[in-house]
Number of protein chains: 4
Amino acid sequence: MDTTIKSLGPCEIISPLHHVGGGVEVNFRKDNERVLFSHTLDRDSEPHADASQFSFEASGPREHIFFNPAKTTAAIVTCGGLCPGLNDIIRGIVTQLHYRYAVTKVFGFRYGYEGLIPRYGHTPMLLKPESVSQIHNFGGTILGSSRGPQKIGEMVDLLEEMNIDLFFVVGGDGTLRGAVEISNECERRGLKKAVIGIPKTIDNDIMYLDKSFGFETAFAVAVQTVKCAYVEATGAVNGIGLIKLMGRDSGFISCYAALAGGNVDFVLIPEVPFQLEGERGLLEALRYKLAKKKNAVIVVAEGAGQDLIPSAGNTDASGNQKYGDIGLFLKDKIGAFFKERRTECNLKYFDPSYIIRSVPANAQDNVYCSQLAQHAVHAAMAGKTSMLVGRWHGAFVHLPIALATQGRRKVDPSSELWHSVLESTGQSARLSDG
Amino acid sequence: MDTTIKSLGPCEIISPLHHVGGGVEVNFRKDNERVLFSHTLDRDSEPHADASQFSFEASGPREHIFFNPAKTTAAIVTCGGLCPGLNDIIRGIVTQLHYRYAVTKVFGFRYGYEGLIPRYGHTPMLLKPESVSQIHNFGGTILGSSRGPQKIGEMVDLLEEMNIDLFFVVGGDGTLRGAVEISNECERRGLKKAVIGIPKTIDNDIMYLDKSFGFETAFAVAVQTVKCAYVEATGAVNGIGLIKLMGRDSGFISCYAALAGGNVDFVLIPEVPFQLEGERGLLEALRYKLAKKKNAVIVVAEGAGQDLIPSAGNTDASGNQKYGDIGLFLKDKIGAFFKERRTECNLKYFDPSYIIRSVPANAQDNVYCSQLAQHAVHAAMAGKTSMLVGRWHGAFVHLPIALATQGRRKVDPSSELWHSVLESTGQSARLSDG
Amino acid sequence: MDTTIKSLGPCEIISPLHHVGGGVEVNFRKDNERVLFSHTLDRDSEPHADASQFSFEASGPREHIFFNPAKTTAAIVTCGGLCPGLNDIIRGIVTQLHYRYAVTKVFGFRYGYEGLIPRYGHTPMLLKPESVSQIHNFGGTILGSSRGPQKIGEMVDLLEEMNIDLFFVVGGDGTLRGAVEISNECERRGLKKAVIGIPKTIDNDIMYLDKSFGFETAFAVAVQTVKCAYVEATGAVNGIGLIKLMGRDSGFISCYAALAGGNVDFVLIPEVPFQLEGERGLLEALRYKLAKKKNAVIVVAEGAGQDLIPSAGNTDASGNQKYGDIGLFLKDKIGAFFKERRTECNLKYFDPSYIIRSVPANAQDNVYCSQLAQHAVHAAMAGKTSMLVGRWHGAFVHLPIALATQGRRKVDPSSELWHSVLESTGQSARLSDG
Amino acid sequence: MDTTIKSLGPCEIISPLHHVGGGVEVNFRKDNERVLFSHTLDRDSEPHADASQFSFEASGPREHIFFNPAKTTAAIVTCGGLCPGLNDIIRGIVTQLHYRYAVTKVFGFRYGYEGLIPRYGHTPMLLKPESVSQIHNFGGTILGSSRGPQKIGEMVDLLEEMNIDLFFVVGGDGTLRGAVEISNECERRGLKKAVIGIPKTIDNDIMYLDKSFGFETAFAVAVQTVKCAYVEATGAVNGIGLIKLMGRDSGFISCYAALAGGNVDFVLIPEVPFQLEGERGLLEALRYKLAKKKNAVIVVAEGAGQDLIPSAGNTDASGNQKYGDIGLFLKDKIGAFFKERRTECNLKYFDPSYIIRSVPANAQDNVYCSQLAQHAVHAAMAGKTSMLVGRWHGAFVHLPIALATQGRRKVDPSSELWHSVLESTGQSARLSDG
């Protein structure tokens, strides 16, 4: 596994962070400082032989930097679906560039990669500390966003034309793969441009990262809907609250929302297959639960149970697989199941995804986003490229984009997390006869 | 218009409220105290000749009461859909009966009128101040609820068997009409039972009432979704946030949510018809808005535009008319309209009704519900029946149930409220060519 | 009681509200439409003979107005302590003037009446709909505020110099009395300037008003502290939560916060004197409460028990009487009382006033403030002056400032409100031996 | 540094977690699994030679356990000041014992260590899953708390008498040192009792822990006050918002609240000394800030600037040093400073500590507390003792109590955290002439 970070060249400029003054020392980091991938070991055994290989470059301010602040121009773009914290990232990058590096030309491209294609007519915004000082109080992104790729060459043309030196790309898998291509094209053209990714996925499914920004806010908001669903479920005879949450490939939001909210009876996630029918399937388990406690709450991640839905395959503008709507599917199946058995059941269906993703970041994400932004700026000024910033076991690190986008982080069904969910819900470990 | 309140008989028992002690006087009210229906007049003209007729009985504690507290048994039932404040009403009735009238036998029927029909097997709960002291912190109803009527005779049988003297019925139109029938059946059997309604409608559409409980909470929560919709709308090229809110016959929630949230471009309510097509119809107005400001937020009450939807007519278990889903209908129509014109549009659809109705009451409704409960108890102890408690121009009053359920309060399109909405949205007063 | 509203002259200009279009009629109001002061009566008796006299001018849009919108300049000033909703008022006035009357020159004076005195150097802000569109999401006032009067003549000089036609003054008693003087001085100089007050008092103590703006928000936030105090009280042996809330002359916030929060044992307000010592005084009552339930929560309005504090009399910059700190006083007295009796007691003291008054308005106040602003603008455009807008029994009205500032609204100890508080707390009606 | 965990003896009972069923494997952990203290290294150098020594025992379920669930009795005590999450911890321990280990006898001692001393008369509560299922929705602790130590022998007498096998102690430094003594006394008497600490400190100042429970909630609530202070500061001429936050020895809450809230100009923490007077002292810096931007927000941790306050030294019931009130001290000093210079200044002082610590845990802490509880139960059932559970670099670990209580975690002035604060506030790195 290659964890080497690409560099635009030697760092020969003294960082302006030296001038903090007051005799306070900045804790500069060196490129050879590493964060171990694995920090657990067996006492009896040797430390992992490859520990020094399998590790990430530590993030943080460098004593010498690549770009001359006085001549540096930066730009930011936000792509894909909304996620709490986007405005915090924008604000953080702008203020960090201004106040710590004295880089004052910072542009915001509008509406995702579309904003780098002149014919769409989206004029870039000049971003100043004053104009971004309150944006963290609002959800969404002041830049706007869009899905889908654009022509790499055309985008690099604009970056070249506008003399953008530092290009901060906030987005998901597809967006970040685009960032790699942009970086490669810059290299091909001999352009010294730092392309730094800040990975955005509300599902918390990025490999080698503790958590993605916005995740803490997202599951905290999801908990509120879980509580509403419980209220509805207890308010009617055989009441069922069914909540579909985000999570195409990974059930983190569903697991955390269920753990935090309590009162959930079933959590269905992509990582753990389940059956509807059969003695140990979901429907019989649900019938049993209603008989026992008169109500039930079900949390289902949008990517769960896709094998059960007779529909599949298309992809959206960003190249992501389209999913069958497991929420509505379950709603119908559960309704039909109880109707067939002439049992009254009052199912209330909740689909809060757009409400969750559009709220302002909470205090946790306020801080985390500002830290990600700071580390992104440090990395860019030091001439790193084709990398993203993240946090691993509490330490901020640099990751090659290519490494992080080669798979997705998932809930491990043998982990304490999933077992906590099983305990909290009381659901059977396998809702299937298999 | 008959505003006379039915009475079970003369009040010959001295109210225990006399014993407040400390020399503090209770402000007892008399039955001939009235609250005027109309409190506006032209200075030039005479006061309305019928003002003394068209007025409501003032609510409040009576110096003499009908029921002997020591021998009185009470019961509460909650019917129909959830609404913020149900638990506050329950808590208020229980504590008022206990602490001010020393009535200690208070039952809660489970799951609406079903709870009065023994064969459903829902055992009534005995309600004590301790068991209800914290329930106002939770949404829903600890009693559960159900829709639809039950056999009047069977219900009165149970009330008779359990010696229920005071019967508090919390519910909507259908429920309250049932309460009248129960009251009539009691009268027929010569039973002295006070049947007191507390009108529940999250839509705020009860005639002769300032506001229904839960309404303040409901629109305050709706505002949060309106803000999310605005964030989504501004976050994408030609972003549209479409929110369906409660309001089958009356658009109050939509109007107030739009006023409070700001940033709404169209409010569509049942009281004001609109066209989709045509030069002045919604779709062209929307196209114009997107061209002008790149995004739009639409709030639509569930009962709006029903004439446009090619589906109609069935009724649900409570006898309410079933409505076509105007939200999904608009979503499809708008999508098709812009697709046809090859204009990108990013519509996000919000349907937060279950989230809104299941939250705990906010501080405003905490107070209002406890006041309604107090007045309901005063009325019941004084032997009033077949009536409901409400607030008119800030004063608590008694209304015959029959009077209040003969129609619905609606938004007046010539009122300041609707004009404020027009100003706030900037929408045309009529989205139609007519 | 004189309820006549001063007028600058005859209204001869047709209101631009005629142009709403779409055939929608505006519900214009006439000056002789009145809102009765008293809307209750005894059926047996005649309606109050003076009902047509003792009534308020109904507020709302006039068909003919005094000022020519195209030539009109407006200004706003906010004075005194912060209160939720100030920004909503500012926003509402600006948008109402722009969108309904096409008045586009609107200034905001900075830092209260100081902003009208040039030597302070506070340049007025030009207010545009775009610059105020999001300010309702923030607490405080974008204009800033200050306490205390300024020279009337100097202020009128500036109004004259800047050609301000409509002057909206948001503030409390002292501020509003200043507005009357400004209006009088304008009259003396023959200046046709409409001076319109929007009364601000977080204590809800304005006479002839249902409620003051910000009050709903204030007590809702106060409830959160009441809940914290209860948590602290129950978390320790003989735990006492003592909360001082706003309310110099009137205990409304304390009453409503106690009613909404529940779990309060004592509410102390200026309107109801109490003793500390003696068998029936507060301290013994508290000792009894601790013995019985091991904890107690006390809510005290800042103006309560002033007769007990050996200090008094000075006045602040706005001429308001300075109060002894009843919160700290009680804290000390309670501590000493239990120490003397060698009883452990864990008192936690809460003084959340600045937190309460600086939050953004909640949804209720969002709407109420925008309505107040609209009515203020209607009144100003119609050439009314020396008046304020308010709501009486749900109807918006005009009041002479002089009338409203001649006293303060108070909690009536014989009212249902206070009796609800007594019931809710279980406290004795009189904490005194008298 | 000794990281060895004490054990009551060999684990010979098969864990009931084997019976999860459905073929799902539990991820059992072994005692020799370790979590490295340091997971960063220089690539060039060897991994730290002592890495395998300086590491913590990994937490988690053990395949074999020490206690026989059918015969096991557990008890919980909560000590010291309130902290968000206490109820979550209680709930988590009870449900984990019940549902995963089938241990059904769980007691809660009332009011801290007092509850283990019979003469106080606090009867222990029997805790059942049903009785704790909703307590996470409330702040504080259902068990109550108290400060200060009690006689070790007497407490162990009661544990012996009640046959408590597992004793969960939730509290701060003093409390945990007491737990060590209890564990030692048990050992002396030959009693096999597992004493497990869950460290409680809202200040986040425990060594070798990522974060303490309640911290995330605490700083998130603190942010709200920071925002109020900013509103107050901007609402007046030369407005100053001064907020005192928790943090006796460590400024974490102040740092995080300032970072999350934005708009803070000075953060004063115990780790970074500052001067009041002098050209580079706080007062001159504040004067400069007011001159420049007309307002300022200051966040001060309660333990900051203690060297400046002419008072010191006493200790409270728990043996903690008493601190001078830096908040009121600064308030006075700032007031005097500007008065002397005849400069108007409007300082508003905020002391929200009791409001912060008494709120319910937020979603982050809901999850974290339930995880801590689960790991505490795993450890106890495996016969570990005199240890506490914590999280280090994202991994749950066992720590000897003695190790964790030998010092406090502090903000490192050379860290990125502090530099982020400096950047965010724009304050000078050293407010002193030194």
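Glycine is no exception: its Cβ is also placed from the backbone N, Cα and C atoms.
Residues or ranges marked as domain 'Phosphofructokinase' by TrEMBL: B:74-379. What TrEMBL records for B:Gly81, B:Arg147, B:Gly148, B:Gly172, B:Asp173, B:Gly174, B:Thr175 is ATP binding site. Sequence annotations record features per position, and here TrEMBL assigns Mg(2+) binding site to B:Asp173. Among the features that TrEMBL reports, site 'Important for substrate specificity' is placed at B:Gly174. The substrate binding site annotation in TrEMBL covers B:Thr201, B:Ile202, B:Asp203, B:Met246, B:Gly247, B:Arg248, B:Glu302, B:Tyr354, B:Ile355, B:Ile356, B:Arg357. Under the heading active site, proton acceptor, TrEMBL lists B:Asp203.
When the binding-site residues B:Gly81, B:Gly148, B:Gly174, B:Gly247 are scored by other C-beta atoms within 10 Å, B:Gly247 scores highest.
Per Cα geometry, B:Gly172 is the residue among the binding-site residues B:Gly81, B:Gly172, B:Thr175 nearest to B:Thr201 (substrate binding site).
Calculated from their C-alpha atoms, the gap between B:Glu302 (substrate binding site) and B:Gly81 (ATP binding site) amounts to 15 Å.
Note on proximity: among B:Asp203, B:Gly247, B:Ile355, B:Arg357, the binding-site residues of the record, the Cα nearest B:Gly172 (ATP binding site) is that of B:Asp203. Between B:Gly148 (ATP binding site) and B:Ile355 (substrate binding site), the C-alpha separation comes to 22 Å.
For B:Arg357 (substrate binding site), the nearest of the binding-site residues by C-alpha distance turns out to be B:Arg147; the candidates were B:Arg147, B:Gly174, B:Thr175.
Just so you know, the Cβ of B:Gly172 (ATP binding site) picks up 24 other Cβ atoms within 10 Å once every protein chain is counted. For B:Ile355 (substrate binding site), the Cβ neighbour count at a 10 Å cut-off comes to 25, with all displayed protein chains included.
DSSP assigns B:Gly172 (ATP binding site) to coil, not to a helix or a strand. Calculated from their C-alpha atoms, the gap between B:Asp203 (substrate binding site) and B:Gly81 (ATP binding site) amounts to 11 Å. According to DSSP, B:Gly148 (ATP binding site) sits in a coil region rather than a helix or strand. Of all residue pairs in the substrate-binding list (B:Thr201, B:Ile202, B:Asp203, B:Met246, B:Gly247, B:Arg248, B:Glu302, B:Tyr354, B:Ile355, B:Ile356, B:Arg357), the one with the greatest Cα separation is 17 Å apart. With a threshold of 8 Å between Cβ atoms, the binding-site residues B:Gly174, B:Thr175, B:Asp203, B:Ile355 that neighbour chain A are B:Ile355. Residues B:Gly81, B:Arg147, B:Gly148, B:Gly172, B:Asp173, B:Gly174, B:Thr175 are the ones the record ties to ATP, and the longest Cα gap between any two of them is 12 Å. Summarising model confidence by region, the domain 'Phosphofructokinase' (B:74-379) averages a pLDDT of 95. Here the binding-site residues are B:Arg147, B:Arg357, and the one ringed by the most other CB atoms within 10 angstroms is B:Arg357.
There are 26 other Cβ atoms within 10 Å of the Cβ belonging to B:Thr201 (substrate binding site).
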